[in-house]
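Novice: Checked TrEMBL, it gives:
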{"type": "DISULFID", "residues": "Cys68-Cys295", "note": "disulfide bond"}
{"type": "DISULFID", "residues": "Cys211-Cys260", "note": "disulfide bond"}
{"type": "DISULFID", "residues": "Cys241-Cys248", "note": "disulfide bond"}
{"type": "SIGNAL", "residues": "1-20", "note": "signal peptide"}
Amino acid sequence: MWRSAILLCLAFVLPAAASAQENSREEAARRAAQLSRLGPDAARRIFFENNDPAPLAARAIGSYGRGCLAGAQALSPDGPTWQVMRLTRQRNWGHPALISWIERFARDAHSEGWPGLLVGDIAQPRGGPMLTGHASHQLGLEADLWLTPARTRLSSEEREEMPAIDMVRRDLLSVYPDRFTDAHIKLLLRAASYPQVDRIFVNAAIKKAMCARTPPENRAWLAKIRPWHGHTFHFHVALHCPPGEESCVNKRATPQGEGCGADLQAWFRDSVRFPKPRTGAPGRELTLADYPEACRKVAVTR
């Protein structure tokens, strides 16, 4: 079942899929634009310019949207059952608990028929805010995993340029049924099955498809699958704070139940699917003073 579904999925790539996961040139241009307007004390600049992990004991500090990471570990770009994409971003760093989980998940999924996992952004070497693309991913406890299966071993150039497969129609109301298959549902439910996984973000259309197609014996895991904007070509996994790390602030608990009712339907309103652009002046740029005190040590320790 998995193999035939994957082959069907790979036959379809949206012409606009490249814009869904920017290539190296596009990302470099965005980074240059951000750096040109950031002062030397901007937290985004400081964490971006740290190219190696803080030589401290592994610890997630702060919250998922305002925190940092000590003692980060890099996910190997080439594992037996995974490959890291967009390596020039240098976002294949994470808390050792997350790196261990990705390796285990990739092995488990492969043993059940998934050809190989393509891993997107995890975190920077010291966590913290990124120049582009994410408000979270700051603790090294979150990872973006592509819904495109790995067909073969990819070259360095392919990892920078290859577009992802978009699973959701342009109206954001439903998935392409010949792209988002039972193989993908099985993969997502497997990811949700681990106790250390707090939640998984997918597009609302993907959640709707899972609500309709998940068999009764697996529906308990649907509570962890949460709808969010974007996430049409990848899913976002967030782990709980590791046990004993009091410096780490967990997310608010997810609502109970499958999440297939009125709360899901609200995501399909026109105003939610296509929100109006924000207007007005941008918010104040955050500095290290806005972060937990321990993040200053993470940022400056050599």
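Using the three backbone atoms N, Cα and C, a Cβ is placed for every residue, glycine included.
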Novice: If you measure from the Cα of Cys295 (disulfide bond), which of the disulfide-bonded residues Cys211, Cys241, Cys248, Cys260 is the nearest?
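Specialist: Comparing Cα positions, the candidate nearest Cys295 (disulfide bond) turns out to be Cys248.
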Novice: Counting distance between Cα atoms, which of the disulfide-bonded residues Cys211, Cys241, Cys248, Cys260 is nearest Cys68 (disulfide bond)?
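Specialist: Given the candidates Cys211, Cys241, Cys248, Cys260, the nearest one is Cys248.
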Novice: Among the disulfide-bonded residues Cys68, Cys295, which residue has its Cβ surrounded by the fewest other Cβ atoms within 10 Å?
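Specialist: Among the disulfide-bonded residues Cys68, Cys295, the sparsest Cβ neighbourhood within 10 Å belongs to Cys295.
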Novice: Roughly how many Å separate the Cα of Cys260 (disulfide bond) from that of Cys241 (disulfide bond), to the nearest whole number?
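Specialist: With distance taken Cα to Cα, Cys241 (disulfide bond) is 26 Å from Cys260 (disulfide bond).
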Novice: If H, G and I count as helix, E and B as strand, and all else as coil, what does DSSP give for Cys248 (disulfide bond)?
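Specialist: SS state of Cys248 (disulfide bond) = strand.
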Novice: Tell me, by DSSP, whether Cys211 (disulfide bond) is helix, strand or coil?
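Specialist: Helix, per DSSP.
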Novice: Cα of Cys241 (disulfide bond) to Cα of Cys211 (disulfide bond): how many Å, rounded?
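Specialist: Checking the Cα atoms of Cys241 (disulfide bond) and Cys211 (disulfide bond) gives a distance of 28 Å.
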Novice: Since the record lists Cys211, Cys248 as disulfide-bonded residues, which of them has the fewest other Cβ atoms within 10 Å of its Cβ?
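Specialist: Taking Cys211, Cys248 as the disulfide-bonded residues, the minimal 10 Å Cβ count falls on Cys211.
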Novice: Distance between Cys248 (disulfide bond) and Cys211 (disulfide bond) at the Cα atoms, whole Å?
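Specialist: Cα-Cα distance, Cys248 (disulfide bond) to Cys211 (disulfide bond): 32 Å.
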Novice: Can you tell which of Cys241, Cys260 has the most other C-beta atoms within 10 Å, given these are the disulfide-bonded residues?
Specialist: Cys241
